[in-house]
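Trainee: These came from Swiss-Prot, pasted as-is:
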- 921-937: compositional bias 'Acidic residues' (COMPBIAS)
- 938-956: compositional bias 'Basic and acidic residues' (COMPBIAS)
- 152-271: domain 'Cadherin 2' (DOMAIN)
- Asn333: N-linked glycosylation site (CARBOHYD)
- Asn353: N-linked glycosylation site (CARBOHYD)
- Asn513: N-linked glycosylation site (CARBOHYD)
- Asn743: N-linked glycosylation site (CARBOHYD)
- 921-956: region 'Disordered' (REGION)
- 872-956: topological domain 'Cytoplasmic' (TOPO_DOM)
Amino acid sequence: MARMSFLSFLLFCLTSVAHGNKANKHKPWIETEYQGIVMENDNTVLLNPPLFALDKDAPLHYAGEICGFRVHNGPGGSGSAQFEAVVLDRSTGEGLVRSKEPLDCESQKEHSFTIQAYDCGEGPDGTNSKKSHKATVHVRVNDVNEFSPVFVERRYEASVPEGRLFDRIVRVEAVDADCSPQYSQICFYDIITPNVPFTIDNDGNIKNTEPLDSKRQRVHSFWVTAFDCGKNRAQADAQVIVTVKPSCKPGWIGWTKRIEYTPGSGSIPLFPNLHLETCEETVWNIQATVELQTSHIGKGCDRDSYSDRSVRRLCGAVRGEVDLLPPPSPATNWTAALPTLPSSDSSLVFSFNGSTHVAVVPDSVASAVSGDHFTLQLWMRRGGASTQPPANQARGTRKEEETIVCSTVKNDDSYSHYSLSVHGCRLSLFYWPDVSAARPVKFLWKLEQVCDSEWHHLSLSVQFPSVTLYVDGVTFDPALIHDNGAIPNPAPHQRLVIGACWEPEEKPKDIVNNTMPENKDTGKFVSGYKGLLSGVTVRPGNVEPHSVVECLYACREGLDFGDLETLGSGMKVHVNPSQSVLVLEGDDIESFNRAVQQVTYRNSLRFATPGVRPLKLTTSLRCFSEESCLSLRQLEGYLVVLQPDAPQISLSGVGPHLARPAAEFEGPQGVPLFPELRIVCSLSHAVNTAAQGMEGGALMSDAVAHTLDGCEVQPLGEELNTEREELLVDMESLRERGLDIINTTAYIAITGAESISVYEDVLRSIHYRLAKGSARFERRFRLSCSEMNGRYTSNELTLEVNFLHSLDSLYHPSHLLASQQQFLHPSHHTGELSGHTLPNPHRNSVVPGAATVIIMVCVGFLVVMVILGVFRIRSIHRRGEGARGGGKEGGNQWDDSALTIIVNPMETYENRMGITTDMEGECEDEEEVVDSPDDTSDDQRIIIKKEGRDSAPRRY
């Protein structure tokens, strides 16, 4: 019974499971929205996300499988007609959407419809099938570049006047039927006809690349094509016809872009053939601006290449200036910490950063420039070496006050204070005659030169209460301000600072003792200067006259006007102080054209700085009818200053040998080294000074052509030994001429701009002196000179000095034995004749007979003659010079060779014995024998000093 119950229960469970497999409990699930893309030439839609239907009844057969998708119409009502969805895998539910027919992007770019998934139900017949929710599908049809561009017109025509450049002559247009921006847009046009003076841009605008000439070609015909962004070319090209109409050519005629200037030419016209054509347009005002750019030449323009001190001498400036920023040295170490920059004119340029770069001048130097009458001069450039002028030339944007020089000096029993500062585009001098009593006075100038980031020279002449400012040699008047505000008194301590101002620390007063604390120099630097400074000098005493200041620092090149008397009525000419901008203004065309042809460029330097100076001409016209008034473009060119002819400085009239007895060199004045020196400059000095265009121009041009600025005398080989030799120079004569000298054992350098004749006199006065007893046999010197701050150098003149020693000077009687049995011992002179070979000291102690002595003397004389001849032949081959002089007995006189003969003291021995002979003629027939130096029978010894070949490096 129990067994039957168990079988019944098992049968019931199997029946229940069978009924459970056929149940379809869940409906499929898909995404709510799909984005699709389909190409025009394809029917498969790429969906994002991919089409997958999921069913929770999986993995049941039928109920967990996806049997299909249904497409329903969207808002447009065309979804089911154009698209279908198929199942790719029933178990995973993957599906695919595709179009039933080819799609056309140009007809419809986007399609929207809904899609629904359904499962397989409970059996193969799909009983009890369930459907998912409806998902929206958006399909975008991607374009294919199937269409080519088509021009709107097949032919385009335009007419333009000749002689002008146009921004647009005619515009061509092409369209593309593709639907997408990528293929429907025209990316570029192209002129396919070669060698036509036209160009076309991407928008189809055609313009000419050069002025058209109707006489050369009246009609221009060419073809253009178009390309879409898919690089499809137009189906048919378009023809463009441009007709050139004869017309007037308004503008400047005769413009030359390149102008050459030869140094030394004076003034040359820049536009000798230039004239303005207005084509009968009524013009009531014409203004032309000529700009010459020289800011890249030196410090703002072409100036003298000499040192500041030399230029001051040439211009006749008063001496006595004190250099506040000298080159760093052990004696002038207050500038050692300042960074320096290279300069084209070899001057020293110091950089200041507004904080740490400050120069404190020692009190010993500051006390030398005290007083209320002084001249302060300096080169200044705001902002540093890398700063460029602002493009918009905005002024006054910098509000920080920057102090250039700040000085408190003691005058007798009081202290005076002044400071030179820049504030934006303003330059101010703050002067306090007496810091303990008087109130300060402020002199103010508003200058564009202060804030244009260019090099400018400032010269401030103070004769309190009168102050005069020169900027690049041009005078500027100040605005006087009596400042009675609450300004603290400067500390009564002498201090001169460059690049900032010293602000002492305030100390509280001791109320109990009613005293001030102990005076300690504590404080800080304030109002630091940011920029470059060079040549900062102060000269106490009377100020320089205007002509000297202009000669010192005015530009030597610039624009000028030829003849103001020929200027027509109604014409105006204005030239800026630096002569880099010239403005012409008038109302008459003919007068204006004549005036333009009078604009000149001048450069008063004989050795002008070569290079390019950009040139611009800007024209502004005003007409009665502003709408039709002509507009002229800016003309640009350049002026080329050619390389000047290098002067050939020739030194002659010296040597190459100078032979004198050693006794003359040992005299108190020594011997002049260059008594017949001649200095010649081969360059022609004809300078056109008729139209220099400025005061002092002719003077400088003439002075430059005949001026040297340095010569150097250098001993070759070893340096001078001050204990045995020296070069003597007339220091008083140098001071009178204002020349400087550097006198060392390695060289003597004389510097300063002076005429050739002055340098000849100075060099001729140089003497060479030996100390008594100096056994020197030769010394070589080299002389060279330079011009234009070392820019041009002379030839190197080498002089060999030979010292002729007598027998007594070489062999003092004390060196000989009283006995006639021994000759000179060489050890007595080895110290003096270092480097020379002396004979073997061993001698025969037996006194020879008279005949033997005579024979030995004759033979020795012949040996001397033979050896001299051999060495003369070697000297001829070595130097390439012919020997001068004869060779007869004791009357022989040799040329200045580096050869010294020392005769054996046998001759002295004979004189002391009273022996004479007349047998010299017989000795001439004797055999000529040259024995070895070691032979004990030698009676004559020859000591030879060869010419030295070492030389020191050249400083010129």
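Counting starts with 1 at the first residue shown.
Note: Cβ is positioned from N, Cα and C throughout, glycine not excepted.
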Trainee: Measure the Cβ-based neighbour count of Asn353 (N-linked glycosylation site), defined as the other Cβ atoms within 10 Å of its Cβ.
Mentor: 15
Trainee: Which chain-mates of Asn743 (N-linked glycosylation site) that are at least 6 residues away have a CB under 8 A from its CB, listed by sequence?
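Mentor: In sequence order, the residues whose Cβ lies under 8 Å from that of Asn743 (N-linked glycosylation site) (at least 6 apart) are Leu727, Val729.
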Trainee: What is the Cβ neighbour count of Asn333 (N-linked glycosylation site) at a 10 Å cut-off, with all protein chains included?
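Mentor: Total other Cβ atoms inside 10 Å, all chains included: 11.
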Trainee: Would you kindly give the Cα-Cα distance separating Asn333 (N-linked glycosylation site) and Asn353 (N-linked glycosylation site), rounded to the nearest Å?
Mentor: 19
